[in-house]
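A.B. asks: Below, the features straight out of TrEMBL:
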DOMAIN    27-149  domain 'RGS'
BINDING   K202  ATP binding site
REPEAT    387-440  repeat 'MVP'
REPEAT    441-493  repeat 'MVP'
REPEAT    494-548  repeat 'MVP'
REPEAT    550-598  repeat 'MVP'
REPEAT    599-655  repeat 'MVP'
DOMAIN    800-859  domain 'AGC-kinase C-terminal'
Amino acid sequence: MLKLPPVGTCLPLRDKIDHTFEFIVEQQPIGHKLFLLFCEKDLKLSRCMQFLHAVDELKIVVEGKRLAHAQTVFDDFLSLDSPQDQASKFLGAGKLECVSDELATKTQEKLKGIVPVDVFEECRQAVRDFLSGQPLIDFVESPFYWRFLQWKTLERMIITKDHFRQYRVLGKGGFGLVFACQSKFTGKMYALKKLEKKRVKKRKGEKLALNEKEVLEKVDSRFVFSSVRGVEIEKADEDFADKFATGIVPKPWQEEVSSLSEDCPVAMSRKIIGILPNYYVHVLDLNTNITTVEIGPQNLVLQDNHSLEAGALPFVTIPPGHYCRVEHPIDINKPIVDGKLYELRFGHREIRLHGDPFPLFPGERLPESGSATDYSRAIKHLPTIKADHGIHLSALVDMEETDTAPARKAGDEWQLRGPLTYLPKPEEQVVKMVSPIIITPGHAVRLRARQAFTDAKGIYRCTGEEWLVRDIGAYLPDVYEEVVEEVDAYTLTPNNALHIRANCNFTDQFGRGRRIGEEWLVKYDDTESYIPDVTEEVVNEVQLTVLSHHQYCVVVNPLGDDGRPRLGCRELRKGPKTFFLHPGEKFERGIQDAIILESDEALLVTAQEEFDDVTEDGSKVHRTPGDRWMIHGPTDYIPRTEIGNIQRRKATPLNENEGIYVRNVQSGQKRDKTRVVTYRCPSNCAVQVYNYIEKTARVVFGPDLVVLDPHENFNVLSLSAGKPKKENALKTICLMLGPDFISDHITVETSDHARLKIAVSMNNEFRVERGNPESEAMLFSVPDFIGFACREVGELPFFQTIDFAHLEAGLIPPPFIPNSRAVYAKDVLDIDQFSSVRGVEIEKADKDFADLLTSLRPE
């Protein structure tokens, strides 16, 4: 399974490789792949890489198709006729910007005739120069380059047999079998050759094997012979194994084949150790149990009582501007004397800066080194603090006072301000690097004290206290200061203000003393921008109130001269005017328009409080609560705060025959308009109106409009109607004076007990003397004159004295001159005895009698 090394271990390789486009992209396959992935995020860079690939493909295209392929490449990337607008560039079309128009034109001329392989060489070089510039710099600063370093570090790792999985035999060579193997990290397959003892011991076998190794090292193949540590040798021949692995071969071989590897700093054998300059080994004396440090250059011969504990190891080299920590150090201040014993200071740490390379004594350790031979992780840059930056330090142990630093206790924290280069001390610990907070105009920083201390301005701060820093520039917080938040200023204009509330007793930014709970406004007249203090709370933002010429408002609890609201008071503010509502103030009914009265309008107002008023004519009037008066138009009126219960009234237009009813609110007599009751009396009619207060009646003759007074009612007549007459069948107000007629069907009983049904018709007419109240009152003296007249006719004694039997027999003369066509019958059944019926008036409702009577008429 592929496992790349950490990025931190790969950073030293950055200073050892060549950062050119040729090395990273063209010579390194993995670099080419990663750079291609990097260019995919930018369409312009991606098209440049596509152009390079297309040019490379031209080299393998057959000659017959080379012209067509070259023309396609030119049309896609270099054609001057391609659209050059923004949309085309966004979609990936058009000419490459890094290739000039002159160069493109020159290349186009070469496409005529036989096309050479290097026809795009100049364009390719222009694109390559473009990619070697800023795109390559961006690639080196991107995570793709970190991955490239990881791959190159993996390639440089020492290859052993544990790096591969061994599979079947592929073949047989001159000095052993060749096996198939697979890398455990990348999964790629390789061929591994194992040397056999019998074949190596043949004549000149060792020389030929080493010669083959040297040849295979210089061949670009996948065989694992790129380093001496990649060859596995039979352990039976230990001498040859040592020689093959270390490169120490007999002198005649060295003259024929150069087998020494430049990367191998140590030449080892069973008894002799070659120590190169700036390398050392630890040798343990088994008799005395003392470990010595042997420093190169020398060839160290191990005795029988000596044992190699470590090495050969490189010296620890600290470049300028770097340092390292050494655990359990010796006293390096004492001069190093050969053969002298040194004691380790167990539990101590020592900071060593740039100087001569030094070895690590037995027991000394670099705590952060990756391995015994690689000290790159343990050597670190000296912290450099920029201007306005700082470094946060903490004491690990008690520190005594020096000329440059005061005495400190374990756990104390302090801060060093830049610019400076910090020299670490074993008694100190770097907590963090502190960056400044840039305070721009209109901003501030809110801080909180972590513990009691005195700040940079000499102000004592208690634990938990908060304050603001408004100084413009870079501010470096102290170690005991905690940044709560960055506060933005409120921008004030003439049209807005801030409603502020005090959280405690303090003096504000303008030098005014404030008490807890007090509220006030900060306006544009005070400051253009305002940053609330930690003891202030912004309640809300108040907008400017604007009253136009015909507007007004009533403010409840207005602000007094002492700056405090007058609770319970009301203040009238008329336009044009602009103002802010101060804390505690509020509108009673909001902003209202002035009351505009026309010439036919007026206001009825009532005084709620006592005040002196000025009337329309300019005279002064003293008003008391409850007074009511009228304000007539045309005018515009803004009511005072002492006035309430305003009623708007409009003039009522009246015609010549119209009127209104009103009521006097003091006496109770109606005068105010409620409703008008009228009636149009027809011609030749009379209407009686009754006043129930005065108990009088008056008669109005038509045609005329009857208008009732407030206490008058119409006299409604209930008359009889129908045939025969029915009482109260007709309701009417007017009485028709006639002439008119009345018809009715009456039934009378004669002296011989005969019942007669008689149709009666009569004329009626009222004769009255107009202007005479007595004569006019007689018109309505009989409530139902129709029913009364019909009853009076039916009760005449004339009908009761008729002897119908004798009259029918002709024994007595009739009391009246009968109609020659009249038929006298006692009952309906008697009609059948007559041969002719004439002159009989029959009621239309009696259908049966009418049909029977009609059937008896002669034709």
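Glycine residues also receive a Cβ, built from the backbone N, Cα and C atoms like all the rest.
Worth saying up front: this structure is predicted, and the values here are computed from it rather than measured.
Describe the structural context of these features.
C.D. replies: Broken down by DSSP into helix, strand and coil, the repeat 'MVP' (387-440) contains 0 helix, 25 strand, 29 coil.
Across the residues of the repeat 'MVP' (550-598), the predicted structure has a mean pLDDT of 89.
With helix defined as DSSP H, G or I and strand as E or B, the repeat 'MVP' (599-655) counts 0 helix, 31 strand, 26 coil.
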A.B. asks: Residue counts in helix (H, G, I), strand (E, B) and coil for the repeat 'MVP' (441-493), per DSSP?
C.D. replies: 0 helix, 28 strand, 25 coil
A.B. asks: Taking DSSP states H, G and I as helix and E and B as strand, how many residues of the repeat 'MVP' (494-548) are helix, strand and coil?
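C.D. replies: Here the numbers are 0 helix, 28 strand, 27 coil.
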